[in-house]
């Protein structure tokens with residue numbers, strides 16, 4: 001019998017009500033043979049050659065590794081400067097509720113059908129084939145653009161210590177390392193990300209401990225500053241305008257930053273097709289990743305506001321002058337103020353590892369999203385070719401070619417290049433979350449119409465469909481709000497406008513273009529394809545036998561993180 005995964009989600013927001021999911025029991029009221037993928041206009045006639053080698057502990061940490069990067073340690077200081085500690089904390093807390101809604105939506109679909117590039121392919125099956133094309137290419141652009149962003153960040157971070165190594169050499173080394181890691185069997189990618197993610201977790205925990213001890217006076221200056229900076233200069237600051245409007249714009253800027261910084265469920269989902277025993281592993285992973293990230297981001301946004309005032313001259317100069325690496329980190333600024341030596345270098349090393357690891361995750365996700373598009377016939381067929389280890393090598397190579405855009409730094413200021421990529425990917429990420437929530441609403445309706453009882457699924461997300469509607473509305477609104485500053489008086493900037501809204505214009509163009517080219521039809525709830533790949537997944541779970549771990553050290557790791 002297939003492993004349901006229900007029992008592993010118990011106690012979390014993803015807990016199911018029924019723990020006896022079995023395909024045979026559902027056949028009486030749900031005819032699995034009556035609908036095939038031809039109803040949605042894209043027949044999957046290409047085989048998925050990837051291997052299910054990622055273990056539970058890998059999946060648990062991949063979501064964290066892909067999300068925690070320089071934004072949590074360094075760029076978060078920009079949000080503090082723009083909105084103040086109160087706005088930053090409220091914005092990050094609010095956005096975590098949006099990520100919960102997205103997670104609840106995607107988790108139910110992916111644990112039911114844990115396939116490669118799941119939410120991209122679900123968009124075509126449950127909504128419209130053209131919608132799946134637009135969603136897939138949007139996610140690919142999003143992930144692929146993040147690779148040169150993190151490579152650029154790595155170069156900036158290394159500049160904290162020395163600028164002796166030429167920029168071009170650093171870029172070349174990072175690209176080669178990404179290629180080497182991602183061309184290995186997926187289990188080695190999982191191992192790499194596992195250890196890198198542990199480093200990130202240790203760093204943020206260490207910074208939170210530093211904040212707690214230091215604010216209580218445990219520092220060389222014996223300064224018991226507590227929440228001093230929430231009182232003076234205050235919790236909220238004005239941005240662009242005076243009064244209530246200025247404070248609201250400050251909060252809005254923090255919310256935009258949170259929407260770029262906080263993610264997680266999409267990275268977990270992209271590994272579904274290569275996860276060992278996914279119906280047992282994935283529910284636990286969604287729960288763990290959401291809870292851990294919420295703690296890190298909410299407490300992290302609180303900590304930076306405790307350590308540094310929003311009007312700190314060193315903080316303002318660091319972002320205005322584009323100081324390298326951790327020099328702009330609120331934590332390092334606090335350490336310098338308190339005359340703590342040595343720790344800034346430790347923080348910078350951790351930030352460098354985080355940036356490198358995040359870029360590595362983006363190479364993986366971008367290549368797998370392109371692979372999923374190719375499997376569905378929405379990208380060239382040759383991209384489906386895999387090595388004997390199950391790596392889609394053409395997809396990885398194409399992503400690495402896009403990563404060469406990081407060489408733009410040679411002709412432009414690194415801070416400018418970083419801003420370009422941030423503007424581009426923020427809109428793409430929000431569009432991606434909107435797609436996930438809308439796709440779930442169609443899945444929810446299809447289950448009702450086709451008689452598939454959601455109580456019998458591997459797990460049933462709570463608060464549905466209200467959570468999906470909440471996530472859809474919030475992410476859709478923020479997609480258009482992200483570049484609002486270009487419309488303020490005297491702030492019009494053509495490059496900023498294009499990078500902020502490029503994907504907003506490109507998404508409907510891709511959708512309409514594919515719809516006209518292939519004459520696709522909107523998928524009715526009665527015809528939504530809930531069956532393709534299901535029998536194969538059921539067979540895998542019936543036949544799956546977990547191999548006991550022979551390595552004692554790995555057994556301990558599996559126990560701690562699995």
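Here the Cβ of each residue, glycine as well, is placed from N, Cα and C on the backbone.
Your range for transmembrane segment, going by TrEMBL and the list 136-158, 228-250, is 136-158. Checking TrEMBL for transmembrane segment across the ranges 465-486, 531-552 points to 465-486.
Of the given residue ranges 164-185, 252-273, 318-339, TrEMBL assigns the label transmembrane segment to 164-185.
Checked against TrEMBL, the range among 30-50, 345-365 recorded as transmembrane segment is 345-365. The stretch with the most CB contacts under 8 Å to the transmembrane segment (498-517), chosen from 88-115, 345-365, 391-411, 465-486, is 465-486.
Most Cβ pairs under 8 Å to the transmembrane segment (88-115), among the stretches 164-185, 289-310, 391-411, belong to 289-310.
If you take every residue in the domain 'Amino acid permease/ SLC12A' (58-521) and average the pLDDT, you get 84.
Under the criterion of 3 or more C-beta pairs below 8 Å, with sequence separation of 6 or more, the transmembrane segment (391-411) and the transmembrane segment (197-217) do not qualify as touching, having fewer than 3 such pairs. For the transmembrane segment (345-365), the partner stretch with the most Cβ pairs below 8 Å, chosen from 164-185, 197-217, 289-310, 465-486, is 197-217.
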